Amino acid sequence: MSEYTRQLPVVALRNMAVMPGMLIHFDVNRKVSIEAIEAAMLLNQQVLLVSQIDAETENPTADDLYRVGTIAEIKQMIKLPGNVIRVLVTGLERATLDSLVSEQPYLKAQLTSKEAELLNLTEAEEEAMVRALRDLFEVYTTENNKLNKDIIRQVEASREIEKMVEQLSIHIPMTLEDKQLLLAASDLMEQYERLCLILADEIEVMRIKRELQNKVKDKVDKNQKDYIMREQLKVIKEELGETSSVSDIMQYLEQLKELVASDEVKEKIKKEIERFQNVAGSNSESAVARGYVETLLSLPWDKVSEDFMDLAYAKEVLETEHYGLKKVKERVLDFLAVRQLTEKGDSPIICLVGPPGTGKTSIARSIAKALNKEYVRISLGGVRDEAEIRGHRRTYVGALPGRIITGLKQAKVKNPLMLLDEIDKMSSDYKGDTASAMLEVLDSEQNCNFVDHYVEIPVDLSEVMFIATANTTQTIPKPLLDRMEIIEVSSYTENEKFHIAKNHLLNKQIEKNGLKKSQISISEKALRKIISDYTREAGVRGLERKISEVCRKIARELLEQESKENQNLIKSAKNKSNNKNQSHSEVAAAVEAEEISVTTKPSKIKVTEKNITTYLGKPKFRNEIASQKDEVGIVCGLAWTSVGGTTLQIEVNSLPGKGALILTGQMGDVMKESAQLGISYIRSLSKEYKISEEYFQKNDIHIHIPEGATPKDGPSAGITMATAMLSAITGKKVHAKVAMTGEITLRGRVLPIGGLKEKLLAAKNTGIKKVLIPEKNRPDLEELEQEITEGMEVICVATMDEVLKHALV
C-alpha cells in the first residue's frame, strides 16, 4: 500500500459516504462546510469528504468523524437560495484523517492518502474471484429488478477484480457502516470479502421480502394498495412470532378472571377469546369476534346491586316525589315487605296503564331510587322488528344484541329496574311480532333463561324488576297482557292537579327558567284557574307547559324592569354630572365606580286570579253544559279514551221513511250493534209507551254523534242511545243535566263499564249534576275519592227502566 501525506479542506457528511470512483451531488448549508468548498475551489479543487459518526452533531470535531474518508474533486458548484451550495464531486481515492490542523474558518485536515495494495494473484485466481462476484451479482439482480440496466452492463463488463469491486461498492445499496468498513479495508482481498458478505446479506433480505410479498398476494387483490401494506405488516409480525391482538387478548383474559359469572359462562367466553385469537386481525370476521367477546364480557352475569329494604325510606321517597298514585306506591311497599320476609322472591312485572302525563314514567324512576336499583329505560314506541327485542343473529352484517341485553349492559347489574315505556305502541311487520318476542321476557317462569339471538347464552332476567307503561290495554295482545300485573293510573282530579302544581311543577319551572322564589308568587286561586280554564287533560303535562309559559314571561318582565331602572339611574347621574359631553358608557362606569345608592331591590311579581290573563291570554276552556235546556232526542253520554274521559252528545231524529236505522258519526262495529240492541229493546216497549207497530215500518231512525271526523267505538253508549231513541220516538224530553254510561242487553239489563273515574271527571268538568252508572260499578264508585263526586248525584242503575225513570222528564 503506497501512502503520502498532505493537507486538504474537510467537508463533514451526514448519513452518507462517498466511495472512490463515485460521481454524486449533494447540498451544503453549514458555514464551515461552505468555507471549505470555497477554499478548495481556490486551490486544486480537491476536498476530503468524511462521514460524521452522529448525524445530529452540528459542529463536529476530529472525535466526531470517521477516520477514513475519500478525497474528491469538485466538478461543479451552484449557489442556491437560502445560503445553500450544491456541489458535484467525483471520488478519487481513499484517505486517512490523521488530525485536524484547524477548525476555523473551516475544517482542515492532515491526511494520508492510501491506495489498496494490489494482490499477487494468478490469472486463474483473479478470474475465479471475478466469476464468484459476478454470480452473486446476477442473483442479486434477479431478486432486485429495479436496478438500472446500464449499471448491470457496467459491472458485467468488468474483467478486473479491482474494477468490479469499485463498481459494486458504488452501485449496491448499503448502510453507512458497511461503506465505512469498505473504505477502511487494508487491501483488495478484504474489500472483496466484505463485498461478498454485503451482497449475500442483501440477497437474503430481498428473498425474504419476495416471500412476504408472495404470501400477501395470495391473500388479497393486487390493486388494493392500502390493504397490501397492512397484510405485509401482518405477515412480518407473524414471521417474528407476534400478533397485533396480543394486548387485547391479554386484556380480555384479565377481564374474564374478574368476571362474576358461572363456570359454564366463563368457559364459553374463554372459547370465544381463543377463537378471536385464531382469526386474522384485519378482516370482518375478526371484527365480529371482537364485538361478540366484548359484549359477553360487559354483561352482568351474576353481578347484583344491594337493594334497600327500608320501608320507611321507600315510602318517604315515593310520597315526596309524587302526589297520588296510591295503588302504585302500595304495590311497591308490598314487594318490599315480601322481600324482607323471604329474602328472595320473584321481581314483580307491573304494567301501569293510564292517560298521558299522569306520572307513569317518572314514578318508575322514583321506585328505582327508593329501592336503590339501577334505572334503565327502554322505549318500545314504534318498535316493529323482533330483532329489536331478541337481537340479530351474528351471521348478519352489523348484528347487535337486543334492547333487553343492551339495557343490562347499561345497568351493569343483573337486578335493575327496567322501564318498558309505551308497551302498547309496539307493532309488527313481516320481520316478526315484537309482542310475541316480549312474552319470554315478561314471563317469570321463562325469563330465567332468556336467550338473545346475538348472545346465544341463556341470560337470567328473573331478578330484573320490569315496569311497563301503556295508555290503554286494548292494543296489547292478551297473552302479553296476562303476564303483567295491571295497575291503573287514572286521571288526576282538579285537587290532585293543584297539589302537584303547587308542590312539584311550580318549583321545577321556577328553577328551570332561572328565577328565584323571592321573585315570583303564583296564588292558589291563580293555579286553580290555570287548571280549570287553560288546560283540559287527564295528566299534568299541559299544566306544566302553562306554568312554564308564566315563568318565561315573568323572567322577561323582570329583565325589562331592571333595564328600565338602570336607564333611569344613568340618566339621573348624567343630569347631576357637570360634564354634559360624557358618553353613555362613561356615565354607566362612573355610576358603578361611585356606587350611587339609587339601586333598587328586585321586585316580586305576583300572579293572581285577576292578572293571569296578562300572561296566558284569554281562557281556552269553559265549563259549559252540553245542553242548556231539556230537549227531545238529545242525551249526554260519557266516553273513556286513552287520553282521559270525555262527554259524548248523542242525537236522534225520527223522520218518515221505510224503517231504516241510519248511523252517522264514524261509529265502530260495537257501537252499531249497541244501536241495533237499543231499537230492538224499544220495540219491546211499544205497548208500554203506546208506540204503534206501523211506526217502525213507516219511519226511519237517524242516530248521530257529533264530531264525525273522530272514530268512536265501544259498548258503554248502549243505554245512552236507547234513551235518546225512545225520547225521539215518544217526544218525551230528557233532563239536560243528566249524563249516563252503560252497556245494554236485549232484555234491558245494564252491564258494567270501565274508566269510571275518568268519565265522572269529564261529567263534572262539563257541569253535569246527575250521572247514571251501572249497578255493578258500585264497588268502583266506593273506591273513588269524595271530591270526584262532590256536587254531583251518582245513581247506580240495574235496568233500563231505572235509567228511563231518572232520564226522562
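We count from 1, first residue shown onward.
Positions of Cβ are set from backbone N, Cα and C atoms, glycine also.
Taken from Swiss-Prot, the feature active site applies to SER716 (among others), supported by sequence analysis. Following the DSSP three-state reduction, the secondary structure of SER716 (active site) is coil. Annotation for SER716 (active site): spatial neighbours GLY637, LEU638, ALA639, TRP640, THR741, GLY742, GLU743, ILE753, GLY754, criterion Cβ-Cβ under 8 Å with sequence separation of six or more.
Taken from Swiss-Prot, the feature active site covers LYS759 (among others), and the record attributes it to sequence analysis. Counting only same-chain residues six or more apart in sequence, the Cβ atoms lying under 8 angstroms from the Cβ of LYS759 (active site) belong to LEU638, ALA639, TRP640, GLY645, THR741, ILE753, VAL771.
Around LYS360 (ATP binding site), a 10 Å sphere centred on its CB holds 26 further CB atoms from the protein chains shown. The ATP binding site annotation in Swiss-Prot covers GLY354, PRO355, PRO356, GLY357, THR358, GLY359, LYS360, THR361 and rests on sequence analysis.
Per Swiss-Prot, domain 'Lon N-terminal' is recorded for 8-203. Mean per-residue pLDDT, taken over the domain 'Lon N-terminal' (8-203), amounts to 80.
Swiss-Prot lists 629-809 with the feature domain 'Lon proteolytic', giving sequence analysis as the kind of evidence.
Residues LEU352, THR469, ASN471, VAL489, ALA538, GLY539 surround the recorded ATP site, their Cβ atoms falling within 8 Å of the Cβ centroid of GLY354, PRO355, PRO356, GLY357, THR358, GLY359, LYS360, THR361, which are themselves excluded. Ranking the binding-site residues THR358, THR361 by how many other Cβ atoms lie within 10 angstroms of each Cβ puts THR361 at the bottom. Taken residue by residue with DSSP, PRO355 (ATP binding site) is part of neither helix nor strand, so it is coil.
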